[in-house]
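One structure is given below, encoded as structure tokens.
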Amino acid sequence: MGSAKSAMLILLVAMVIASCATAIDMSVVSYDDNNRLHSVFDAEASLIFESWMVKHGKVYGSVAEKERRLTIFEDNLRFINNRNAENLSYRLGLTGFADLSLHEYKEVCHGADPRPPRNHVFMTSSDRYKTSADDVLPKSVDWRNEGAVTEVKDQGHCRSCWAFSTVGAVEGLNKIVTGELVTLSEQDLINCNKENNGCGGGKLETAYEFIMKNGGLGTDNDYPYKAVNGVCDGRLKENNKNVMIDGYENLPANDESALMKAVAHQPVTAVIDSSSREFQLYESGVFDGSCGTNLNHGVVVVGYGTENGRDYWLVKNSRGITWGEAGYMKMARNIANPRGLCGIAMRASYPLKNSFSTDKSSIA
């Protein structure tokens, strides 16, 4: 009898482990006929959490902190499964933010200041990409296919999205104009662009102005990313090729057609509202979920297209490759709101570069 009970216990444990193995894709746990989680949820969630910790290199300072994170993780896991059961055009998953509450996620990720700079020294408004009846634009654009997009980067716990979005647009334009894709330095902006606040956040327009006034941007190899505020060291740019721009312009506000035309010509920076739980846990598909227009996060729009009949913007984030579709989001395009989903058409801008140019001077 004892051996039979032991065998039964082993069988039950094996069933739990097997069910967890199918859930290790970090996206879904099975439901019963009433869409209620099975009674094994807690056991599965704990094992999934351990695997998730390994995948994302998570280590907590105490048992109490780990238990607190597990509680948040379980709540996010339930939310993911409930939303994914609704057969949406996108799916949620256990991103690197799955152990954070929504409030904590906002504190970590939002670094774009939507307020206009007090002194637009170089900024000009432009109708360069205003659409007309004669325009014939490609049905889809993906600047990755043209070699104009560097690898997805991760800003870490530094609120430096403003730097990553600016740098991404400059990297793309530099490739288009010069034929050379150069990975540029966000740390250069964080340390040296004193009119912004480094890991405390910043304005994209101010970053463009800094690049113009201070001899361009250094490369990531010369000035690598540290994810913390540092002292500006001009020597890191001395005698090295720095990528320059000639100016920048803002797109007409609340005009997705103008944004589309601009993206057909070059990658474009945009400030969006990324403060929803769905955005925090986005995994794949065309996102048309909950978000407002409280602009707080800088991204790069590197293309557009249509998937399963749904138009989308191809957005490069700076949260590493474990968020979204290997670091990218397909965000619904051509929605009823002229501001665009998450305000993507409200505050878009792009750099200008007329020719190949470098500067070997340092900055103070």
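The backbone N, Cα and C atoms fix where each Cβ goes, glycine too.
Bear in mind that the values here come from a model prediction, so they are computed numbers and not experimental data.
Copied over from Swiss-Prot, here are the features:
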- Cys161: active site (ACT_SITE)
- His297: active site (ACT_SITE)
- Asn317: active site (ACT_SITE)
- Cys158-Cys199: disulfide bond (DISULFID)
- Cys192-Cys232: disulfide bond (DISULFID)
- Cys291-Cys342: disulfide bond (DISULFID)
- Asn87: N-linked glycosylation site (CARBOHYD)
- 1-23: signal peptide (SIGNAL)
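In the structure shown, the C-beta of Cys161 has more C-beta neighbours within 10 angstroms than that of any other entry among the recorded positions Cys158, Cys161, Cys291. Look at the Cβ of each of the disulfide-bonded residues Cys192, Cys199, Cys232, Cys342 and count the other Cβ atoms within 10 Å; the largest number goes with Cys342. In this structure, of the recorded positions Asn87, Asn317, the smallest number of CB atoms within 10 A of the CB marks Asn87. The two recorded residues, Cys161 (active site) and His297 (active site), have Cα atoms 6 Å apart. In the three-state DSSP classification, His297 (active site) falls within a strand. For Cys291 (disulfide bond) paired with Cys199 (disulfide bond), the C-alpha to C-alpha distance reads 24 Å.
Other C-beta atoms found within 10 angstroms of the C-beta of His297 (active site) number 27, with every protein chain shown included. Distance noted between the C-alpha atoms of Cys192 (disulfide bond) and Asn317 (active site) is 23 Å. Considering only the disulfide-bonded residues Cys199, Cys232, Cys342, the residue whose Cα is spatially closest to the Cα of Asn317 (active site) is Cys342. The CA atom of the residue listed as 'N-linked glycosylation site' is located 50 Å away from the CA atom of Cys232 (disulfide bond).
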